[in-house]
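Copied from Swiss-Prot, the annotated features are:
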- 530-742: domain 'STAS' (DOMAIN)
- Asn167: N-linked glycosylation site (CARBOHYD)
- Asn172: N-linked glycosylation site (CARBOHYD)
- Ser616: phosphoserine (MOD_RES)
- Ser752: phosphoserine (MOD_RES)
- Ser755: phosphoserine (MOD_RES)
- 1-115: topological domain 'Cytoplasmic' (TOPO_DOM)
- 208-263: topological domain 'Cytoplasmic' (TOPO_DOM)
- 315-347: topological domain 'Cytoplasmic' (TOPO_DOM)
- 401-416: topological domain 'Cytoplasmic' (TOPO_DOM)
- 506-759: topological domain 'Cytoplasmic' (TOPO_DOM)
- 116-136: transmembrane segment (TRANSMEM)
- 187-207: transmembrane segment (TRANSMEM)
- 264-284: transmembrane segment (TRANSMEM)
- 294-314: transmembrane segment (TRANSMEM)
- 348-368: transmembrane segment (TRANSMEM)
- 380-400: transmembrane segment (TRANSMEM)
- 417-437: transmembrane segment (TRANSMEM)
- 485-505: transmembrane segment (TRANSMEM)
Amino acid sequence: MGLADASGPRDTQALLSATQAMDLRRRDYHMERPLLNQEHLEELGRWGSAPRTHQWRTWLQCSRARAYALLLQHLPVLVWLPRYPVRDWLLGDLLSGLSVAIMQLPQGLAYALLAGLPPVFGLYSSFYPVFIYFLFGTSRHISVGTFAVMSVMVGSVTESLAPQALNDSMINETARDAARVQVASTLSVLVGLFQVGLGLIHFGFVVTYLSEPLVRGYTTAAAVQVFVSQLKYVFGLHLSSHSGPLSLIYTVLEVCWKLPQSKVGTVVTAAVAGVVLVVVKLLNDKLQQQLPMPIPGELLTLIGATGISYGMGLKHRFEVDVVGNIPAGLVPPVAPNTQLFSKLVGSAFTIAVVGFAIAISLGKIFALRHGYRVDSNQELVALGLSNLIGGIFQCFPVSCSMSRSLVQESTGGNSQVAGAISSLFILLIIVKLGELFHDLPKAVLAAIIIVNLKGMLRQLSDMRSLWKANRADLLIWLVTFTATILLNLDLGLVVAVIFSLLLVVVRTQMPHYSVLGQVPDTDIYRDVAEYSEAKEVRGVKVFRSSATVYFANAEFYSDALKQRCGVDVDFLISQKKKLLKKQEQLKLKQLQKEEKLRKQAASPKGASVSINVNTSLEDMRSNNVEDCKMMQVSSGDKMEDATANGQEDSKAPDGSTLKALGLPQPDFHSLILDLGALSFVDTVCLKSLKNIFHDFREIEVEVYMAACHSPVVSQLEAGHFFDASITKKHLFASVHDAVTFALQHPRPVPDSPVSVTRL
C-alpha cells in the first residue's frame, strides 16, 4: 500500500504535466490588423527620430554636486568603506588577507626574478599597487599584484634593453640590475599613463576586441614562455640573452645544448621543492572542505629551503645560486626616465591592454558570482594608478593573479580590505624580515613559478573543447598561441588581434543565406532547408541573410540572392536587351523601307510597283517578332494599307515582355527581402539594394523589403534610398505582411514600367 500510495502522486503529477503541455499546444491567439507597410506603421505608431542625448553637456557641467559625484565615481572607497559591515566581514577579510599575503611573499620574490629584477622589487610591487587598488578599485575579490604573464612580458623588455654581457665573467650585476630597474619602473609609469588615459575617456570597451579564446591562447603561450625562462634556474645554467622573434626557440635549443653542464645540487633543490609544492596543492584540493584556509605550501617551502640552504651552505658546497642581499626598508620615489618612453611605448600599450584584460575578466567573473557590478572604465583607472604610482616607487607593471584571487574569495574575503591587510603584511616583511631570505635558492623560486603555471598550462585542453564547439574560435586560439610562441609576447598579441578582426570580417562575408517558407497555419517563416514543414509561398520568394549587408559582403549578398532564386537574372537581362535591340533594328529597317515606298508612290509615273516590304522575314521569325506580310502596293491604295497596319500594331501586345520575346519567365512574381538582420547600412548596401530592385523588375518581378529596424529606416532615408520608384510602401513591418500584400497584388505586366536606375 505504501508503495502504491507513493507512486500515486507521481502519476497524478505526470498526468497534469502532460495535460498542461497539450493545453499549451492547443492554446493559440488570434489577431486582426491591417497590413502594415512602413508608411502606415509610422502613422500608426507616430514614429519620429529618437531625441539625441547630449552626454557631453553633463560631463562639462561645473557644480558642487557634479564635483562630489566625480569624486565618488573615481574614489569608490569613499562609497563602500563607510558602509562596511565590520561584524560580518572583518574576520573573513582578515583571514583572507593573511592567506593572500602568504602567497604574495613567495610569488613576489619569484616573479621579480621572472621580470629580470632583484627579488626585493617583487615585494615592492606586492605592496604599493595593492594599496592603491584598495582605494580606487571596484572589484571586491581580485588580488592585484605580481603575475606570471605580466612578469615575463616585463622580463622580455628589460632583457632586451639591459641585456647580459656577452662574456659572463665581465657582468657588472649591480649596474645591470640598476638599469633593468630603471627600465621596469619607467615601463610601469608608461603602462599606468595608458591605462588611466583610456579609463578617463571611457575606453574600457577596448578589451572587447580580445575574445576569450584569444586571451586563453595568449596566456597559455605566455605560460610556455615562463616555463622556458625558468629552465636556466632549474638546471643552474648560464644562457645567452635572446629577444625578438624565435627567441623562445633559440633558448630551448641552447638549454638542450648546455644540459650536460647542469649543476646537480640546483636540479635536486628544484625537484624537491617542486614535489613538495605539488603534494601540498593536492592536499589542499582534497581537503578543501575541511580546512579553514589552504596549507601555505609556498611559504613553508620558502622557509624550509632558506633554512636548509643556510644550514648546509648550498651556495658554497654545491654552487646553488641564491637570492642574495635583500635590503630592508622602502626606497624613495624616483622620476621615470622619459628618454626611454620612445623605446617602451609599444610594449607599454601591449602590457596595459593585456593586464586590463586579465583583471576585468576575473573581476566580472567574481562580480557575477556575488551579485555586484564592476565598472570597466574605473578598473582601467584603478589599475593605471596602481602602475603609475607603483612605477614612481620602482615597481614593475602588475595585474591580478587568478590563484591569489581564488584564495582571497575562498578564504572568506568580502572586500578589498583583505587586499589592504595583505599589503600591510608585505610592508612588515619589507621593513623587518626581508633580509632573512638572503640564502633562499633561486631554484626554489623557479619551482614555485613552474608549479603555479599548472592552471594556465591546463588551458591546452581548450583545443579539444573548441574543436567540438566552434572551430573558428579554435583557429583564433591556435593562431594566437603559435604567433606568441614564435614572435614573442608583444608581436604575438598584435598578430592575434589582427587575425581575430580579419576573421570577423571574413565571417560576415560568408553568412548563412536562406530561402524562407511559411510554417503551416502560422505567420512564421523559416529556412526551407532546415524545416521540412516550412513551404515556400507560391509566386513569392522570401530571402534572408544572417548578417548585416555592408561593403565587404554586399556583392556576395546579391550573388547569393540570384543563385537561391533559381533564376539566371543576369542572363535573362542580357538576352532581353539583345532581343530588344534586334527588334529595334528591324523596326528601324522597316520604317526606312516604308519611307522609300512612299517616295516611290509619290513619283509622277504612277505605275504599279510590286515591292517586298520585309526583306528580312526569316530574321524576324527567328526572333519571335510578329511576321510582316508581303504586300502589293500601288500608288492608289498604299496609304490605306499603311493606316491599317498601324492600327494592328497598336492593338498588338507589348513586345518587350519576356513572354513576347520567347524568354523563360520566373516562377514567382514577387521577391521579399527579410532585412531583420541589418544593424546598419552604408552607401554600398544602398546601391546594392537599388540594383536588386532594378534587376528583378527587368525580369518582371516586384521587390519588397520587410522587418527593417528603425535606425536602418532612418539611414535609408538619409541615403536618399526612397524615391518615386521605391517608396516606403515597398517596406513592410513583417515578412508576413509583405507576403500577404504580394499575394493580393501580383505584379501585372506594366504598360509603361517605372524605371529604377541601376547604380
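Glycine is no exception: its Cβ is also placed from the backbone N, Cα and C atoms.
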Count, for each of 116-136, 264-284, 348-368, 380-400, the Cβ pairs lying under 8 Å from the transmembrane segment (187-207), and report the range with the highest count.
380-400
Averaged pLDDT, computed only over the residues in the topological domain 'Cytoplasmic' (208-263):
89
Using a cut-off of under 8 Å between C-beta atoms, tell me which stretch among 294-314, 348-368, 380-400, 485-505 contacts the transmembrane segment (417-437) the most.
294-314
Recorded stretches the transmembrane segment (485-505) and the transmembrane segment (348-368) touching, at least 3 CB pairs under 8 Å:
yes
Where else in the chain does the topological domain 'Cytoplasmic' (401-416) make close Cβ contacts, counting only residues six or more beyond its ends and a cut-off under 8 Å?
77, 80, 84, 88-89, 91-93, 95-97, 99-100, 103-104, 107, 133-134, 137, 139-143, 145-147, 288, 292-294, 362, 366, 452, 455
Cβ under 8 Å to the transmembrane segment (380-400), counting only same-chain residues 6 or more beyond its ends: which ones?
74, 112, 115, 117, 121, 124-125, 128-130, 132-133, 136-138, 142-147, 149-151, 153-154, 181, 184-200, 203-204, 330-331, 333-336, 351-352, 354-356, 358-359, 362-363
Over all shown protein chains, what is the count of other CB atoms within 10 A of the CB belonging to Asn172 (N-linked glycosylation site)?
10
May I ask for the residues of the chain that lie six or more residues beyond the topological domain 'Cytoplasmic' (315-347) and have a Cβ under 8 Å from a Cβ within it?
109, 118-120, 124, 153, 156-157, 161, 182-183, 185-187, 189-190, 233, 236, 263-266, 269, 309, 391-394, 430-432, 434-435, 437-443, 445, 490
